[in-house]
Each structure stands twice: as C-alpha cells, then as structure tokens.
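Okay, so here's the structure we're looking at.
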Amino acid sequence: MAMVVFLLLYLCGHPQAAADNIQTLYVPSGESMEMPCPSPPSLLGGQLLTWFRSPVSGSSTILVAQVQVDRPISDLGKADPDSRFKVLGNYSLRLEGSRDEDAGRYWCTVMDQNHKYQNWRVYDVSVLKGSQFSVKSPDGLSCSALLCSVVPARRLDSVTWLEGRNPVRGHAQYFWGEGAALLLVCPTEGVPETRSRRPRNIRCLMPQNKRFSFSVAAPAEPPPTVCAPLPSWDVSWILMLLFAAGQGVTIIALSIVIWRHQRAQGTQDREPSIPHFKPEVQVYENIHLARLR
C-alpha cells in the first residue's frame, strides 16, 4: 500500500502548498544546510516520513529519502552512502556541499495507512555564488568585477556592497540584473599612498544575512620617475674610502719608482763601453812629438 501512495506522489509533481507555507532558503555554494521537518503529532506504526525534491531544470519529482518514524533515531542516516543528503534524528534533511543542481523545491510528508499527508513543509532552495575577475577600463586602468549571483535566477534588489563597514570608496559602478548583482571597482583616487597599496576587503551582503567576501589587490606601483637620492655617507665609509685611496697612491708611487729604476738600468745596458785611459799610449805620443821638434 505504501508503494501505491509513493507512486501517486511521484505522479502528482510539485506539492500545491499555500504561498505562506513555502519558505525561501539561500545557501552559499559549497556550504551545508538543514531543512527541518516537523514531527507528526502522533507516531503510529507503519508511518513513513519522506523527503522529495523537484529540480529547477525540470518538473520531475525525485525521492530523496524515506524513513519510518517509529524506528530508532540511530538507524536514520543517508539513504545512499554516496549521497550528499542525510536525514537527521529530528527528521531534518541535511544537504552537504551544495551545488548549482541542488537548487529547487524540497518538501517532506508523513504518510499513514489512510494515505493522508500530514505536517508537510515546503522549501524553495536557492544557491548563491560569488565570482571575481579582472577587466580593463576604457582609460586602460585595471579594474575588478565582483559578481554575486543566485540559482535559479531571481532579482536581487536587497544586495548591499560594503568595504569594511562603510560603503565602497572610490570610483565604483553598480549593476543589477535577473539573478545577479555586479560591482565594478577601479583604482581609488585621492587616497593616501600607503593606504592605497593595501588589499581592499569588499563584501556582498545577500538575503538571510548570507555574504561573500572579496579581496581586491592594490594597484601595481608605477616605476619611479625621479632620481634616487644619493646615499648618505657616514664616518666609517669616509675612513674606508680614504684608506683605499691612500693604498692606491702608495701602489702607484712604488710602481713609478720601480719603473724608473728598471728604465735606467736598461739604458745603461744599451750604451757603448767607454775606453779606459792607457798611460803607455799617452807616453808614446809625447815622445814622438818631442822628436819632431
């Protein structure tokens, strides 16, 4: 009999609940969430608590988990070991690591032998995403585009952009579309130099106090256009410079002395030998001159 009821539920598609009974939930991509299911007023044997979901991409109804309400709490758990859905002890449905395809409508029902639905709870789950990329402005500046979006697409009028606790400073442009809010941030003007070099922390505040934080890198430091200041000379540098200069002068002076000495010695080696005075030749010449007289 329970199988027949399940088939009827499968063919019915979306639950036709009142708008007041549908709760909208937002979950950031990659995070976990829980969807409570109220306990039935009376626990009877054979009652089944079932969780269904209907993806955004189609109208089909998918069975997520089904447990008996009179079973011990310790026996509850994942319907599939590889599934990211888990039924907790209070019959809440836990979703681990949300993805885009998890967006859609979820609801829980309690079926008894009379095939009545009791205490159903319907949730419209939307997955929030945050993206950041770089763009070039018409002036050639490197700007950052910060995007906060929701799946399925719905208008996000309640998105607030903050830098720290204050509005975003500098030249910022805001854009809103169906299912997305975009902030274009360019380098700030008129900001002190030391402050402008720090990364900027910008937050996107979304419904139900969900938020994404972005870190916008500081603009690259332009190359210096002025000459670097001359280094300051202290006493130790001056003494070292004088010592090096004195050593250089001494080496040059010694080199000159050695070079002159070697040059003088080389000149003496190249000059012809002077003949020595010979007394006998001079005596002979004097005698010869005396005879001629």
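Each Cβ is built from the backbone N, Cα and C atoms, and glycine gets one as well.
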Candidate cysteine (CYS37, CYS186, CYS204) that Swiss-Prot pairs with CYS108 in a disulfide: CYS37
PLDDT averaged over the residues of the domain 'Ig-like V-type' (20-124): 81
